[in-house]
Amino acid sequence: MPRQARSKVGILGIPFSKGQPKGGAEMGPEILRRAGLVSRIKRFDYQVVDHGDIEIESIPGDKPDGNVKNPRSVGRANKKISDKVASIVKSKELCLNLGGDHSIAIGSIHGHCRAEPGLVVVWVDAHADINTPLSSPSGNMHGMPLSLLVKELADRFSPVEGFDWCKPCIHVRDIVYIGLRDVDEGERWIIDQFGIPAYSMQEIDKMGIKEVMHHALKNLDPNGTRPIHLSFDVDGLDPTITPSTGTPVLGGLNIREGQYIMEELANTGRLSAIDIVEVNPLLGSEKDNMVTAETTISVIEKCFGSKRGGYYPASYVFPSL
Ligand SMILES: [Mn+2]
């Protein structure tokens, strides 16, 4: 028996960008709110609670820990994110996190795990974001969130400064990837070594998005009972439709594939937390930002029951004489 879908959405802004070097990702929540995200979600059968933006403290003189940049800033912010997400999920809200760069997924998945220990992760992204501090070519933590969360990689690197609070809470096989097309060597090794189901753009071209979603969800949770954490990097979509982002890669998901992924996830009734990350308005023109925000909202709203074939809320009354 599938669990009952959550009836409330808790929106949490996370204006954090120290997981990568480019300024502007901290403006993601603002740009999505300004483009009408909250009112768009209110049209559906959810009670919307806006928790505002989380307050991020800056840590001056945050020296690298080995290869890892800004470890204490990322660690401190994510501890806070974990606490907040845990409390939102515990209060039975579907937690919608507006990033921020993708390093915020460390705290959001960690906090989600505290409330829902049996969760699975759907990672929609051009990148695998599972480098360890040792395998990462850049040292930017937005490319490492999953390595800090999975139990199987804990013995592959030393604890990172600022992350003593963060114990791995998922297994590699609790993850499925969709949309990959820029994967580092160490990341590919991890995917092969542990057999992580990974649907790159090649599989999407070969199988079509319908088959990919069917297999992805079956692979992850054959019985279809576990809560789902969707971590959605807007660079999973093609840069022609989400140009305002930090690490765009050509050849991404088109708008219809993006919408279909979300519709299928909504149909499970098991979504309990969502991250939307890497919207960066400082990297695009005003028009780019409008396109990026509109694309992102039109995809994300499908998580809340918006249907391309038309829709009315449970409260709808058909006008009659
Ligand atoms: Mn990412």
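Just so you know, glycine gets a Cβ as well, placed from its N, Cα and C.
Because TrEMBL annotations are produced automatically, they should be read as predictions rather than curated entries.
Annotated Mn(2+) binding in TrEMBL involves ASP125, HIS127, ASP129, ASP233, ASP235 plus, out of the candidates HIS102, HIS214, HIS215, the residue HIS102. According to DSSP, ASP235 (Mn(2+) binding site) is assigned to a helical segment.
Listed in chain order, the residues near the Mn(2+) site other than HIS102, ASP125, HIS127, ASP129, ASP233, ASP235 are TRP123, ALA126, ALA128, HIS142, GLY143, GLY236, THR247, VAL277, GLU278, each with its Cβ within 8 Å of the site Cβ centroid. The Cβ of ASP129 (Mn(2+) binding site) has HIS102, ALA105, TRP123, HIS142, GLY143, MET144, PRO145, LEU146, ASP233 as same-chain neighbours under 8 Å, each 6 or more residues away in sequence.
Taking every protein chain shown into account, HIS102, HIS127 are the binding-site residues, and of these the Cβ with the most other Cβ atoms within 10 Å belongs to HIS102. DSSP assigns ASP129 (Mn(2+) binding site) to coil in the three-state reduction, outside any helix or strand.
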